[in-house]
Every structure is written in structure tokens, then in C-alpha cells.
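J.: So TrEMBL lists these for the protein:
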| type | residues | note |
| --- | --- | --- |
| DOMAIN | 36-168 | domain 'MARVEL' |
| TRANSMEM | 40-59 | transmembrane segment |
| TRANSMEM | 71-92 | transmembrane segment |
| TRANSMEM | 104-122 | transmembrane segment |
| TRANSMEM | 142-167 | transmembrane segment |
Amino acid sequence: MEEPQRARSHTVTTTASSFAENFSTSSSSFAYDREFLRTLPGLLIVAEIILGLLVWTLIAGTEYFRVPAFGWVMFVAVFYWVLTVFFLIIYITMTYTRIPQVPWTTVGLCFNGSAFVLYLSAAVVDASSVSPEREGHNFNSWAASSFFAFLVTICYAGNTYFSFIAWRSRTIQ
């Protein structure tokens, strides 16, 4: 009974060591896609990062906790800002080519689609919560964040369209 266990552990060790060898050799040099930032989806991602940063910093610089609706806007803005920076790094370093098991076109479509829908709801909540009577000294920041939230929503809608085109071309093949 001990022989099958040894053979099994030897197989696992070989598989683990071959995985470690393949992983270490494939990750020793990172590719860098300079052309990605010149494409329309790349420019939209950069715009999403810059405008999304404006959305949450304009709100975070105020006493937003007095208006509960701004908690939702902050959650959406910060959550998708962090994930968009993450995806930008993945696209620039071409990490998606090193992990072919992940259906990147589907992931991109789901990410951009959910970002569009949730950012649209956050932009509407942001705009409907802005009133000069509520907090006079915060009005300009909140109004500006609402404007930028709608711009970010448009950027995510554009990237959702491009993600859908890429996804549809992958599923047709």
C-alpha cells in the first residue's frame, strides 16, 4: 500500500516543480504594450481613471457622510477606479497573454458592463443628491462630481461597446 502513495506524491512533486519552472521562466520578462494607450479602448481606460479619480476626490474632500447617498457614489467610484487601474496594468503588461485560461473578452465585457450600469446609477444618485440648500459650501464639489460621474459613465459605455465587439468576434470564431 505504501508504493502507490509514493508514486502519487512523486507525481505531484514533478507536476509542482514543472509548474514552478514554467511559471518562473515565463514571468522573468514582462512585455510592455506601448501601443495599447494609443487605441480607443486604451484612451477610454485612461479617461475612466482620471475622471473617476475626480469623482471620488471631489466627494471625499467634503463632508459627504452627512448625505447617505454619497456613500453609494463613493463605493462605486473607488471600487471601479481600483479595478480599472488593475485592468490597465494587465493590458499594458500584456499579462492576459500569460493567463490564457481566463476568458479575458468575457471578463472585460462583464467588468465594463457592470461598471456602466453601476456608474450610471451612482451618477443619477449623485446628481439627485446635489442641492444648494443641503450643504452650501459643498455644492460646487458635489455638482462637479456629478458632472464627472456622467462623463465616466459615457467612457464605460464606450468600453462596454468595444468589449462587446471583441467578445462577439471571439464567440463567432
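Cβ coordinates are placed from backbone N, Cα and C, and glycine is handled just like the others.
Keep in mind that TrEMBL annotations are predicted by a computer and have not been checked by a curator.
Can you tell me where each of these features sits in the structure?
T.: Remote same-chain residues near the transmembrane segment (40-59) are listed as 70, 73-74, 77-78, 80-81, 84-85, 87-88, 91, 115, 126, 141-142, 144-145, 148-149, 151-152, 155-156, 158-159, 162-163 (criterion: CB distance under 8 Å, separation of at least six residues from the stretch ends).
Sequence-distant neighbours of the transmembrane segment (71-92) (same chain, 6+ residues past either end, Cβ-Cβ under 8 Å): 32-33, 36-37, 42, 45-46, 48-49, 52-53, 55-56, 59-60, 64-65, 108, 111, 115, 118-119, 121-123, 125-126, 129, 145, 149, 152, 156.
Remote same-chain partners of the transmembrane segment (104-122), defined as residues 6 or more beyond its termini with a Cβ less than 8 Å from a stretch Cβ, comprise 48, 72-73, 76-77, 80, 83-84, 87, 96, 149, 152-153, 156-157, 159-160, 163-164, 166-167, 170.
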